[in-house]
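Worksheet for the structure shown next.
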Amino acid sequence: MNVTEDSTEQCGNSLTRELTQNPLKKIWVPSSTNGLPERHISQRKVCMTNCPTLIVTVGLPARGKTYISKKLTRYLNWIDVPTKEFNVGQYRRECVKIYKSFEFFQPDNEEGLKIRKQCALAALNDVRQFLTDEGGQVAVFDATNTTRERRETIIRFAEQNGFKVFFVESVCEDPDVIAENIVQVKLGSPDYIHCNTEEAVADFMKRIKCYENSYQPLDEELDRDLSFIKIIDVGRRYLVNRVQDHIQSRIVYYLMNIHITPRSIYLCRHGESDLNIKGRIGGDSGLSARGKEFAKALRQFIQSQNIRDLKVWTSQMKRTIQTAEALGVPYEQWKALNEIDAGVCEELMYEEIQQRYPQEFALRDQDKYRYRYPKGESYEDLVQRLEPVIMELERQENVLVICHQAVMRCLLAYFLDKTAEELPYLKCTLHTVLKLTPMAYGCKVESVCLNVDAVNTHRDRPSNVNVLRTTEDALQTVPPHL
Amino acid sequence: MTPDRHVQNQTVVSLSAVLLILLFNTWIAERSSKSSRPQFTNCPTMIVMVGLPARGKTYISKKLTRYLNWIGVPTQVFNLGQYRREVVQTYKNYEFFRPDNEEAMKIRRACASNALKDIANYFTKEQGQVAVFDATNTTRERRGVIISFAKEKGYKVFFIESFCDDPEIIEANIMQVKLSSPDYENYDKEEALVDFLKRIDCYNMSYVPLDEEKDRHLSFIKIFNVGSRYLVNCVQDHIQSRIVYYLMNIHVTPRSIYLSRHGESELNLLGRIGGDTGLSSQGQKYAKALAEFIRGQSIKDLKVWTSHMKRTIQTAEALGVPYEQWKALNEIDAGVCEEMTYEEIQATHPEEFALRDQDKYRYRYPKGESYEDLVHRLEPVIMELERQENVLVICHQAVMRCLLAYFLDKSADDLPYLKCPLHTVLKLTPLAYGCKVESFYLNIQAVNTHRDRPTNVNVARKPEEALQTVPEHL
């Protein structure tokens with residue numbers, strides 16, 4: 001995290017350092033004296049963990065390891081913990097260009113074993129690079145890791161490099177769940193491009209058998225000094241052993257809240273508001289006439305979707321509540337879903353912000369994710385306050401969230417795995433409902449425009465983000481309004 | 001906590017109405033069954049403790065209850081031992097607990113039955129949401145009785161079993177909490193320990209722990225050896241998920257939590273609330289005194305936390321150690337009243353000022369926050385404080401009140417009036433079932449920022465009455 005260009009206050013006494021406020025994030029930091037770089041900054045953030053963590057999946061094929069790896073990685077990156085997954089299967093596919101059959105995985109296939117071991121080591125090497133040289137904080141090592149011997153190798157590797165290790169084992173004997181897994185994600189694998197469904201399933205089942213004989217699940221007694229979570233039957237039961245620190249505790253909590261029951265999440269903004277029409281940001285106004293039409297259209301749309309046990313959530317601002325009221329069903333109000341607080345810029349038009357706070361306006365364009373409005377919030381702050389909402393969305397089944405532009409961008413970024421750079425520019429237009437349905441390793445998105453006109457509130461990043469730019473340059477991308 | 005439904009008072013009705021306007025709800029919507037706040041659970045939950053004596057069941061029960069009440073879930077503990085003490089006035093010895101003591105068995109079953117009746121009453125007549133049934137519940141039979149009871153009434157059941165076979169921990173438990181129990185008033189320490197161990201033996205023979213297979217349809221968490229391992233089965237809903245998360249984050253390692261406000265700030269001197277100013281000269285003196293005090297305490301591996309506001313950071317800077325900034329520790333947002341004096345608030349927003357005095361916990365400043373909002377945003381801070389060991393939290397008046405209320409189990413009514421003066425460090429040390437508090441005033445003069453609830457909270461009151469309790473300032 002870099003900081004600053006600070007004020008030029010020099011303090012004589014180095015013990016009582018002057019504080020200046022970082023112009024982008026509005027965080028108070030001691031001003032650097034003697035031009036020395038301020039090294040404490042990275043410690044200013046709340047500490048998740050004090051050394052890199054290696055998460056190691058364990059389990060037979062088709063137990064959801066890659067599903068968990070990808071989902072966990074997405075969550076950790078969203079809450080700003082740089083995370084990356086390393087799938088050994090992919091390394092193997094790069095090495096052995098064409099997959100022939102399950103025989104590659106037979107325990108007596110010497111050549112197969114050699115290649116597989118090489119791939120694991122190559123992956124671990126990349127893990128080391130990510131955690132040590134590239135600023136990664138968590139690496140997810142996604143492989144079967146079904147033998148104690150292989151796990152020992154990984155533990156030694158982690159010890160040598162100063163990484164903490166946390167195992168995530170998925171144990172499942174339900175044949176229906178396994179079959180569903182195979183259909184959803186294995187049949188479409190590059191390995192089975194040239195097979196028909198039946199052949200693929202038969203081969204994959206034999207592949208699983210290759211691992212079964214040598215599988216040594218994590219054991220309460222034998223592995224009592226390791227840190228791990230054992231997930232049994234897709235979350236029916238969990239065994240948690242020796243959680244070491246904050247990040248492991250958060251990971252456990254997350255894993256215990258996710259489920260795979262099919263469901264859909266509907267995201268939309270409130271109907272067009274009076275302030276929207278005037279091109280003003282923030283505030284707490286009511287719906288415009290068109291906004292009220294949208295609310296009615298939304299009601300019809302929701303009814304037509306025939307959703308089972310739909311929960312409806314709004315913020316505590318008038319415009320989302322008015323929209324929900326039109327649905328005629330119970331809804332829950334979350335303060336955490338309130339729009340981003342624009343501080344001193346509340347209820348201003350972009351033209352007015354440019355006029356009164358041109359430097360702020362430019363800083364925002366330079367780093368829209370981290371920029372905090374004076375006396376307000378940043379997208380980064382928003383993500384933090386939305387975390388409990390995401391956690392509860394994971395627990396729930398069918399939910400309709402009626403929220404706001406910045407909030408919806410944050411939620412969408414979580415589901416669609418968007419980076420901090422992309423997040424503040426995601427298109428979340430008024431009067432459009434996004435239907436998100438988890439599928440395979442990701443999320444299917446259906447966008448439904450309810451055909452009620454509304455202003456455009458999306459402001460793209462202008463070409464010139466320099467503090468010294470002209471007013472025209474600054475206002476280049478402001479959408480039209482009254 | 002929804003606006004109080006019981007009070008008929010005209011003034012409070014108008015409070016409700018204005019709060020409703022603030023929340024942009026219709027009056028009818030508030031009174032109807034439309035839930036306005038996120039639902040923790042849709043039916044009452046019975047938490048049932050399981051475990052031999054001296055396994056920390058009461059410790060967990062009390063702590064969990066304190067946490068749930070703090071986050072706004074009405075919870076109460078029902079301790080079977082207390083029911084028994086009321087019936088059998090004087091405790092003789094362990095023989096009361098022998099499995100072949102027919103008369104005692106009858107009494108114990110009657111106590112359990114009474115406790116269950118009180119739980120039903122708590123749910124139906126007192127709007128309780130969670131009841132913690134604190135007893136050994138070590139046989140499948142007893143647990144079966146509870147499950148049937150709950151099923152009949154429509155309550156959810158969640159078991160918490162504490163399993164410990166470390167003799168050192170067990171003995172430490174006995175020393176900390178059993179020897180001072182009313183049961184052992186007339187015993188000396190040695191005798192008490194011997195008797196208690198025999199008491200444990202009485203239960204041991206018939207103890208049937210929760211089983212992964214046989215009890216696979218029950219919802220429970222099994223805690224092994226004070227948290228080194230957990231087995232979690234069939235979590236049903238949000239509140240159970242939160243309970244599991246909480247239990248997995250608490251520990252019993254001895255440590256202390258130091259709470260302090262920032263040093264006196266420039267706005268403090270002027271009697272103005274909120275804002276983001278720096279320390280006054282007295283405040284700077286306090287920061288140095290705090291550094292000395294902390295050094296004098298010789299604390300192992302102390303973590304220091306501040307808010308994102310200048311005054312707490314300046315205070316921490318004087319300590320010369322690394323610190324972490326938490327936005328969640330920022331002072332309550334007074335919205336349109338930011339940086340005003342109480343006199344100005346009375347002059348410009350007299351009705352708001354009165355409403356705040358009527359219900360300081362739930363009152364939300366226009367475009368600002370309430371204490372209730374603060375508690376919600378401080379929850380992750382509390383969770384992390386539970387995980388940590390020695391921590392110094394440098395924060396603000398309203399924030400410190402919320403944190404203190406959590407540790408000292410203060411109600412929502414008491415919370416906003418807790419005394420948290422400037423330049424005073426509170427040292428909290430967990431002890432037995434609660435928290436020991438030591439208060440250290442560091443002898444640096446500061447203004448008083450504590451405003452008591454005035455006598456007259458009526459919206460139509462006079463300015464003098466409104467400003468009756470405002471502390472002095474420049």
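Cβ atoms are placed via backbone N, Cα and C, with glycine included.
Annotated features, as they stand in TrEMBL:
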ACT_SITE  B:HIS262  active site, tele-phosphohistidine intermediate
ACT_SITE  B:GLU331  active site, proton donor/acceptor
BINDING   B:ARG261, B:HIS262, B:GLY263, B:GLU264, B:SER265, B:GLU266, B:LEU267, B:ASN268, B:ARG311  substrate binding site
DOMAIN    B:34-254  domain '6-phosphofructo-2-kinase'
TRANSMEM  B:12-29  transmembrane segment
Distance from B:GLU331 (active site, proton donor/acceptor) back to B:GLY263 (substrate binding site), taken between C-alpha atoms, in Å: 14
Cβ-Cβ neighbours of B:ARG261 (substrate binding site) (radius 10 Å): 29
Maximum Cα-Cα separation (Å), residues B:ARG261, B:HIS262, B:GLY263, B:GLU264, B:SER265, B:GLU266, B:LEU267, B:ASN268, B:ARG311 listed as binding substrate: 14
For B:SER265 (substrate binding site), the three-state class that DSSP assigns: strand
Listed in sequence order, residues not in B:ARG261, B:HIS262, B:GLY263, B:GLU264, B:SER265, B:GLU266, B:LEU267, B:ASN268, B:ARG311 with Cβ within 8 Å of the centre of the substrate site Cβ atoms: B:THR277, B:GLY278, B:LEU279, B:SER280, B:GLY283, B:LEU422
For B:GLY263 (substrate binding site), the number of other Cβ atoms found within 10 Å of its own Cβ: 30
DSSP state at B:ARG311 (substrate binding site), helix/strand/coil: helix
Residues near B:LEU267 (substrate binding site) in space but at least six apart in sequence (CB under 8 A): B:ILE273, B:GLY274, B:GLY275, B:THR277, B:GLU339
Which of B:HIS262, B:SER265, B:ARG311, B:GLU331, all recorded positions, has a Cβ with the fewest other Cβ atoms inside 10 Å: B:GLU331
Integer Cα-Cα distance in angstrom, B:ARG311 (substrate binding site) to the residue listed as 'active site, tele-phosphohistidine intermediate': 6
Cα-Cα distance linking B:GLU331 (active site, proton donor/acceptor) and B:HIS262 (active site, tele-phosphohistidine intermediate), given in Å to the nearest integer: 11
